[in-house]
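Below is the structure I would like to discuss, written out as structure tokens.
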2 protein chains.
Amino acid sequence: MAAVTHFTIEKEDCKGAQAVKKLPLRQFAPLLIAMVGLPGRGKSLLARRLSRYLNYTGDNTKVLDISDYRRKHMEKYASHEMFRADNLPAWRLRQQSFREALEDAADWLQKPGHHVAILDGPNVSRSQRQEIYDLVYGQLGFRIMFIECVCEDPTILERNFKDILQYSADYCGMATEQALTDLTYKMAHYKAQYESPSLGSHWELPCPMVKLLDGGYGGIVAHGVTGTKESKILAYISVPKPSQQVIYFSRHGESEFNLIGRIGGDAPLSPRGRVYSQALAKHVHALNLPALQVWTSTLQRTKATAANIQAPQLHLHELDEIYSGDCESLTYEELQERFPRELALRDHEKLKYRYPQGESYVDVMQRLVPVLTQLECETNVLTVSHQAVLRCILGYFLETPFDEIPYFHVPLHTIIKVTLKGYNYTMETVKMPIECVDTNRAKPTNCSVNRSSEDALLTVPAHLDSLSNLNTLTPCT
Amino acid sequence: MAAVTHFTIEKEDCKGAQAVKKLPLRQFAPLLIAMVGLPGRGKSLLARRLSRYLNYTGDNTKVLDISDYRRKHMEKYASHEMFRADNLPAWRLRQQSFREALEDAADWLQKPGHHVAILDGPNVSRSQRQEIYDLVYGQLGFRIMFIECVCEDPTILERNFKDILQYSADYCGMATEQALTDLTYKMAHYKAQYESPSLGSHWELPCPMVKLLDGGYGGIVAHGVTGTKESKILAYISVPKPSQQVIYFSRHGESEFNLIGRIGGDAPLSPRGRVYSQALAKHVHALNLPALQVWTSTLQRTKATAANIQAPQLHLHELDEIYSGDCESLTYEELQERFPRELALRDHEKLKYRYPQGESYVDVMQRLVPVLTQLECETNVLTVSHQAVLRCILGYFLETPFDEIPYFHVPLHTIIKVTLKGYNYTMETVKMPIECVDTNRAKPTNCSVNRSSEDALLTVPAHLDSLSNLNTLTPCT
């Protein structure tokens, strides 16, 4: 798994053990995050979001959901009775699930290149939290951080409950009314067992503790935060993010450079690209989105594409296309002629390959982080950007494996709708009926630096030789 | 001023003004941070630290200290009387200073490429905070964030008062006892006027507010945090940093590559380098530093240099030398022969120049950020690293202008001590009496790509041609 930032620790060791008192240095050790909170307080959504963000920004992260372990031990979820404090066999099963998840988290953190494990579950009792602390901090010498989700806002609670009824594996197939009653009882059982960790001098353990109120909308209280990972996590979770979210994306309309197969540059739209710009505005206006915003790059093809949309607009350098440095404005044929070795190296490892004096996909992913974290807080934003940039953005929301991001299919003249459903984002596309070229060049089979020009150019999409051939194009629809 | 991350906004605008209701988009607008708190609560130290961090990480930041404006209007500070609520002429002067600083902050934020202004002062009254909000948020459409420093810990307070007596311009030249009495009265006057902003639903303004307790050691309470800059700032200030701090640095001992003028690589120490390793350990042990830690890179020359020091050790990839890619292990003479254009480009703009398949100084600065923010929380750490890396680290603490960082003089066989004094870090060096080569190549006068080899190599320091000439060296002392 490639990492956007390269934050790694080789090992810890101690010199002169016999002579001086040594403390193990654990400033950069792996980190376990333990969630704390009643059901329906937004723990799982937060855990998945945090995991998505940490993975994208170079901290290899895994979520371990205690309820998944519990379900492994049950044929099928029966009822809330299993969460009663006085149901001893069920309590044992829940304890066992907790321990299995915790041990798997600890195992996972011990493997090289693994940075953060998130133990997602209620962890409502002091003794459970003490057990987590003793194993992860005491025995393994790792770092630990607790995040408690407290929520009293009835609107947020109601929405969270609806999400649980809709998306939880426990309630899959159960009638809505029955499920709602069951969830209400389950909540009551957990409330009875809940020993809320308090903060300040009374927080029960000597490690960082963050209390998030009403999903962040009610503020945040943190104590004992140390460490770069922990403060990065605090920053991420302190900004509230909506639990209902729809965001839209589009590439710019077909540009003159698209027509003639040139990469980069700052070309104007083609006649068909201008038609797309009209169609996009019409489509978006018909959606009647409240508080619609448009974000574009600073290049003229995205600005022109969004120009007809009646909404406030932001133009951000971060959304500019991947900068291909010395290779800007070339066709693939010219690239192969002038930089055959570069083209082969790029095909070999497109994610990390950096154009001479230009950028790599990893560079683009990195410069997008502030925009992505802001976008996560918004709804009804239409982002008009470019092929490589949208690959990186969609790769973030859809958690695409890094190596597949540079090959994500993002065609021209297509509106992409990304919706948060449960803990994950889903994607839908609407292809506008306006002809355009295909700019997607698939990975060639032969990526060797000694390959023939024919092999190198095998997957280059068809394009015009020059703009004077415009009349050979399929007419606009 | 070069920026490590390139986060910029081109402009905000609105399309179709006549047709739809538009809200100005200010997600990425400039930010004013207003400090709030009584004297001696650590506001100024926090403001300077935050400014150092933000500037280094690409957010062009300026601190405006209201007391500097006040001092411009006074011949010389007389006494605490000027802070009494019922001293009307003095109150007017303080209001005037507040407004001048605020207006300068607002002016500064309106210039392109300026990102964050920090208004450092007590800002104890509701009406002052409302005035800040009305101007910066209401009129200018910028972003705003308040940081309140609350401190009740007597140990921290006592240390802060000592710092004020020692470093404040007001008390420069005043006898200690008189100054202490004056400060006590000043504090009482401010306490009488203090309208603490409360948090949660009662926080008086609709913008982010962070309350820092006992310099962060007592935790943090945040409300309404939105925006990438604000969450980055929250992350930085949430981790407590000592107000008394000494950290040590050293390059590795002279290496075999140093002797023969080669860059990069992973060479062992030279015989003189091994002598330095002994001397360094002896020197450090004699300092008898409590809870000493040693951080090195993962390369053998730093590990060997630190090997004799009896203390826990961390080996971090982030501390590895700048990676010179295709130019690794070459001499400057070979570089000039094989990559004359690259060498000229590097000399022309050493900060941003990136070796082919390698790193630039900007890249190194960026990968160091997690180590730097951790180092700011430590005391008595000895970091053993490399020339370019130490230039970037020292550049951070000493706030060296970016363009000067690649030319910062960090000689071999020298122990560097960096101490926090007041709001700034100072540097002292101890040169060990062990001969070594000089590896510092000054910027040549001629940086053109057409220059002669002679011009390119003019400033290359003397070195052996090969290790077989070892006997021509000055003997070890």
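For all residues, glycine too, the Cβ spot is worked out from N, Cα and C.
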Record says B:ARG251, B:HIS252, B:GLY253, B:GLU254, B:SER255, B:GLU256, B:PHE257, B:ASN258 bind substrate. Source is TrEMBL. Which of B:ARG301, B:ARG338 does it list for that same site?
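So the substrate site in TrEMBL includes B:ARG251, B:HIS252, B:GLY253, B:GLU254, B:SER255, B:GLU256, B:PHE257, B:ASN258 plus, from the candidates B:ARG301, B:ARG338, B:ARG301.
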Based on DSSP, name the secondary structure state of B:ARG251 (substrate binding site): helix, strand or coil.
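DSSP assigns B:ARG251 (substrate binding site) to strand.
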Closest of the recorded positions to B:GLU337 (active site, proton donor/acceptor), Cα to Cα, picking from B:ARG251, B:HIS252, B:PHE257, B:ARG301?
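Going through B:ARG251, B:HIS252, B:PHE257, B:ARG301 one by one, the Cα closest to that of B:GLU337 (active site, proton donor/acceptor) is B:PHE257.
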Taking the Cα atoms as reference points, how far is B:HIS252 (active site, tele-phosphohistidine intermediate) from B:ARG301 (substrate binding site) in Å?
6
Mind checking which of B:SER255, B:PHE257, B:GLU337 has the fewest other CB atoms within 10 A of its CB? They're the recorded positions.
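Minimum Cβ neighbour count within 10 Å, taken over the recorded positions B:SER255, B:PHE257, B:GLU337, occurs at B:GLU337.
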